[in-house]
């Protein structure tokens, strides 16, 4: 054999094979340094035969594999050209594209739809429970979520803390997400189910504004218009006395509780918007079960401290309520998991469009299970919020699929 060189390419390594005798083969690698024009670094590898009489096909295959591996390591450009016999060898970039995992089209939207259905059922179940504070319901839900998620973390070997550079985001996600859950449950208990759901559903509009502030996403005049429409819808649902007068009819229960529920739902919408921004910031770098784990642990600690301060801890009255609390926890795990997966593999705009089903289901559940027809103000406010949310989602979707040419 002789020296293997390539005169048509400039490379930092040259492979030389120097034969000595039949049983002993020495491969010499010369490395040319950038800072030294006269000296060369030589690496020697001795390949000595263990048998003098016969060479099996298996040994020949191993020898060819070693030679091919050495050529690929020390002469990447030559190896790509000659490729072990002249065959075409794909580059690393091509291999990366070929190995990239492809998701089923529409899978993220399907996950978002499932999460919407689960969250709607949770709100309905919370409305049916009497005598249990919203914070206690949240604590029980977080406790059972911890029990269900812990084996999944052990199975997937993700650990319980997550990547060091993402822990601050996980803590923020857990704190803000659990607060949004508590506020939503409180709003559902204080006001009509559909009204609380509509106000909570306004979070995509605030998500766009927060993404403009923290993620440096583009904000247009349409985002401002949709924000105004959303606030108008919330006002139509809340119906404050300084606008609608002191006597307000068709309000479920006391108006003070209705106003408390409105404020809680609005705060929950802001918390959910912050959660969505954090999830988009983390992307796929954090396992979705780890995100749910932080949500459950921080939420349970927060609820436990709050219940201790308020002194509102009570035992559910009957077995039915206890089973409902467990079902809320299970559906919460499923909803959080599917929502996180949807935001990881799909853009936020299409996922927000799937969440419009939440408003429709809330009005249906309110009419079927509580025999309460929506008022004109509630329907008008719902239309403003839904139109604004769909407008934000469609604008984001269009801008991502049709980028402007510079």
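Note: Cβ is positioned from N, Cα and C throughout, glycine not excepted.
Computed from a predicted structure; not experimentally measured.
Listed in TrEMBL:
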DOMAIN    107-238  domain 'EamA'
TRANSMEM  108-126  transmembrane segment
TRANSMEM  138-156  transmembrane segment
TRANSMEM  168-187  transmembrane segment
TRANSMEM  193-214  transmembrane segment
TRANSMEM  221-242  transmembrane segment
DOMAIN    260-392  domain 'EamA'
TRANSMEM  262-280  transmembrane segment
TRANSMEM  292-311  transmembrane segment
TRANSMEM  323-340  transmembrane segment
TRANSMEM  352-370  transmembrane segment
TRANSMEM  376-398  transmembrane segment
What stretch of 108-126, 221-242, 352-370 shows the most Cβ pairs under 8 Å to the transmembrane segment (262-280)?
221-242
So which residues does the transmembrane segment (168-187) touch in its own chain, when a touch means Cβ under 8 Å and the partner is 6 or more beyond its ends?
123, 126, 134-135, 137-138, 141-142, 162, 196, 199-200, 260-262, 264-265, 267-272, 274-275, 278-279, 281-282, 286, 290-291, 294-299, 302-303, 306, 332, 336
Contact yes or no, the transmembrane segment (376-398) and the transmembrane segment (193-214), 3+ Cβ pairs under 8 Å, gap 6+:
yes
Could you give me three numbers for the domain 'EamA' (260-392), the DSSP helix, strand and coil residue counts?
115 helix, 0 strand, 18 coil
Where does the mean pLDDT land for the domain 'EamA' (107-238)?
87
May I ask for the residues of the chain that lie six or more residues beyond the transmembrane segment (138-156) and have a Cβ under 8 Å from a Cβ within it?
178, 181-182, 185, 287, 289-290, 292-293, 295-297, 299-300, 303-304, 307, 325-326, 328-330, 332-333, 336
I'd like to know if the transmembrane segment (221-242) touches the transmembrane segment (352-370) in this structure, counting it as a touch only when three or more C-beta pairs sit under 8 Å and are separated by 6 or more positions.
no
Could you pull out which residues elsewhere in the chain have a CB under 8 Å from any CB of the transmembrane segment (221-242), counting only those six or more residues past its ends?
195, 198-199, 202, 205-206, 208-209, 212, 248, 251, 255, 258-259, 262, 266, 377-378, 380-385, 387-389, 391-392, 395
